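Record features (TrEMBL):
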- 1-10: compositional bias 'Basic residues' (COMPBIAS)
- 1-27: region 'Disordered' (REGION)
- 28-63: domain 'F-box' (DOMAIN)
- 187-448: domain 'At1g61320/AtMIF1 LRR' (DOMAIN)
Amino acid sequence: MEGGGGKRRRSEGGGHEEVAEEEEEDRISDLPDALRLQILSLLPLKSAIRTGALSSRWRGLWEQRWPEPSSVRVRLPPGAAGAAARVEQFGLIDRRGRRRVDCFSLAFHGGQLAQPDLRRCLDYAAACEVEDLQLRLDGSSGRGSRGGGGGGATRGRGMLTVHFPVGSRLLARLSVRGLNITAAANAMVATLEVIHLHSVFLTDAALRRVVGACPRLRELDLRYCRRLRRIDFSAVGVPNLRSFTVVDCSRTTEVRVLVAPRLRSFRFSGAFLSSNILSAAGGSLEHLYICSGGPETGLPPTNLPTSVLNLSNLSVLTLCSIALQYISASTAKAVTESKLHSLRELHFLMFGMANSNLADIYSFLKTCSFPQLERLFVQLPTNIRDSFTENFLEVAEEDPPKGGLENLWLAKMTNFKGHRNEMQLVEFLLRKSSLKKLLLIAPTEDHPQGLRKIQSDVLPSLLKKEIMHLERASANTQIIFSEPDGPQIQPLHSEVFVRF
């Protein structure tokens, strides 16, 4: 009987002869390194990196695809040294020539470059078909500035300007800090997927034109853009947007997106939002962060409460105490059905821990059913005084929920001081859930020189002993009073944009 490992063909004499079956050959991988590097040099960076999955011979080869460095980084130090560095680094750019570059990064301080210098850098990056463009003006922008630039930033006068689009046909990532941005109408940048704008001066209309020009945009991050008032993409559409972050754009009170079918993450930290995009995300939103300074008095109308409770696909939710107050006040007036059945991680950012704040936590846990909830994080205020004893004694106490935390295995409370309402929350968690770990982390103090943070062990031994003797639903619950090493027990939204 013939073996199955080869093919048979009839010979001229009528018999059969065995012909070895040829193995499939990987001829491209057998090419010399120089030719394979030439192939990689013709690919965009993302595609070049993906070739590492072909075989071990391709793995990491993309890092060598050009003899010259594939990143150009221009850094101008402050002061007189910056002028000499400018001449030297601009000379290096000229000698390098206009070969392809993955990343072009320019960082400088106010007064070191004029508009023609910036234009020269942008033209060079475009000619080199840059994929990752980073522009950063240091020293005259940031959290404390208005408008995000230097002098005259409130009106954009005297600021260096980036004219969008910048010209590279392969641009995939754009990061700008401390500069002015203008945008041409009807522009198109089909490759741009990530935009980060920090302390940038741009108008609402300019932002709409930038976003409208990028049909493949999947990540948009806006921070300290103080001129933005109404972020409205309802007319331009963001069909591929997956991550959207707005941080301390202090004049922004409205964020509108009619359709965002692929939005997975929305993070907002700033002034009170009168309207937001949560209803536009529909069932796609998985991660939500809302932290608002809120109004000093009253609760203006907002679609926040009903929008949050309708996010059926949400798995991670972070709410500040003011957003929590809105939801609790809304659900107290009318019976509201919650659809947060997929939630696995819940994070509260508490600006206060008075009776009313504890009541809001209990009310939220009662209103919403969390059959999948596994991790609970509570960031407590750092104030030393127990707010229960100050001026909130007239607030009626809310009874804790009777259940609903059957799958909760981890709870972590930071800035824990053992105050009355903090202890009540601890007692509730120990009695009503089968926790594996409860972490109670004392506040941290700033180092006098600002070099690092020191763990201040403010929990007296008697308080620790009292906690260790509290009633528990599970005898196996481990209570920990120190921050564990490593990021394993950290919330997904570990980047908190407000100071406690």
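Heads up, the Cβ atoms here are built off N, Cα and C, so glycines get one too.
Beyond the domain 'F-box' (28-63), the same-chain residues lying 6 or more positions past its ends with a Cβ under 8 Å from any Cβ of the stretch are 70, 100, 102, 131-132, 170, 172, 191. Under DSSP, residues within the domain 'F-box' (28-63) fall into helix, strand and coil as 21 helix, 0 strand, 15 coil. Each residue in the domain 'At1g61320/AtMIF1 LRR' (187-448) has a pLDDT score, and their mean in this model is 85.
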